[in-house]
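A.B. asks: Got a structure for you, questions after.
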């Protein structure tokens with residue numbers, strides 16, 4: 001009997017990670033539909049998976065960045081500048097797509113919802129100020145709280161100082177980085193079970209009924225994200241590399257977007273992205289920095305969410321939106337999106353900042369935020385999938401473009 005069970009399990013264990021995750025998704029959907037009570041009880045699997053990813057991500061980023069900079073050889077190229085440029089362009093283009101879609105497919109909201117809790121930031125200047133202050137947070141607190149801006153700042157500083165250290169010291173840092181990476185690979189092997197628990201619990205708990213009332217709004221948001229993922233991002237990559245972008249696009253969607261969709265956290269998906277970059281053969285010195293940095297500032301999905309819901313609120317209140325204001329909204333959404341990294345549903349709390357451009361009161365804006373939380377089961381998942389997969393996509397594009405230039 002045991003050998004028969006082993007014969008059934010062995011093919012599953014020998015499958016690749018993506019087929020295993022696909023099976024986990026299907027099993028989670030079936031369990032939620034057939035036995036919803038049981039589905040809620042397996043949520044522990046999903047919680048354990050997300051907790052493990054969030055726990056290992058800060059120390060992984062710290063070790064990888066420190067090791068990459070400490071062992072960086074003078075004259076050895078990195079491609080961070082190109083990645084940063086792509087991050088900025090991608091986020092701004094996503095905001096423009098969202099604004100255009102909102103004009104073509106205008107939506108309205110039913111603003112009769114209870115107040116929701118949250119402390120939206122007071123303005124763009126405050127967001128930038130908080131971003132700078134977070135960079136000088138106590139390093140121990142940064143590791144405990146998952147503050148990746150501070151982690152990056154301290155890791156870069158320590159790595160630069162260790163360049164003057166002994167070879168043995170740098171080798172210890174490198175070995176520590178490899179050891180933590182091994183733990184991450186072990187955690188990722190449990191992704192199919194974790195996603196099975198997340199899917200089953202989400203569908204059993206929320207269902208699809210809550211999504212139907214705001215189907216048009218959700219369709220515009222998700223449609224914009226799909227358009228960015230499948231049209232504008234590939235176009236940006238093509239213009240940067242002059243190569244067919246779609247093999248790389250689909251590799252990033254398979255390897256990063258699926259897990260990000262269910263973890264709903266760019267920070268939790270950092271280990272997955274680092275593993276994917278390694279499989280794609282990218283420059284470790286580049287992706288060790290660009291991936292955690294992208295989880296903080298590359299927020300195309302958040303820019304889309306903020307823009308679409310803000311314009312829906314303006315339409316509901318009958319506020320006319322002219323072209324200069326729409327253009328300003330694109331810029332504000334892009335900058336504001338940088339302040340929501342690693343927070344499930346964080347982009348929704350930036351909506352009051354954007355609605356203030358149209359003179360919408362905070363009370364009404366927070367009701368709009370409440371609508372965002374209703375659709376967040378799909379919106380936040382899709383947003384994170386776009387954000388996280390784009391981190392790898394633009395990192396790969398910058399690395400490959402640089403390789404072509406260097407070989408020419």
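Cβ atoms are placed via backbone N, Cα and C, with glycine included.
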A.B. asks: Transmembrane segment per Swiss-Prot: which of the ranges 362-382, 383-403 is that?
C.D. replies: 362-382
A.B. asks: Looking at 163-183, 289-309, I want to know which stretch Swiss-Prot calls transmembrane segment.
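C.D. replies: Swiss-Prot lists transmembrane segment for residues 289-309.
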A.B. asks: Give the range, chosen from 192-212, 339-359, that Swiss-Prot lists as transmembrane segment.
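C.D. replies: Checked against Swiss-Prot: transmembrane segment maps to 192-212.
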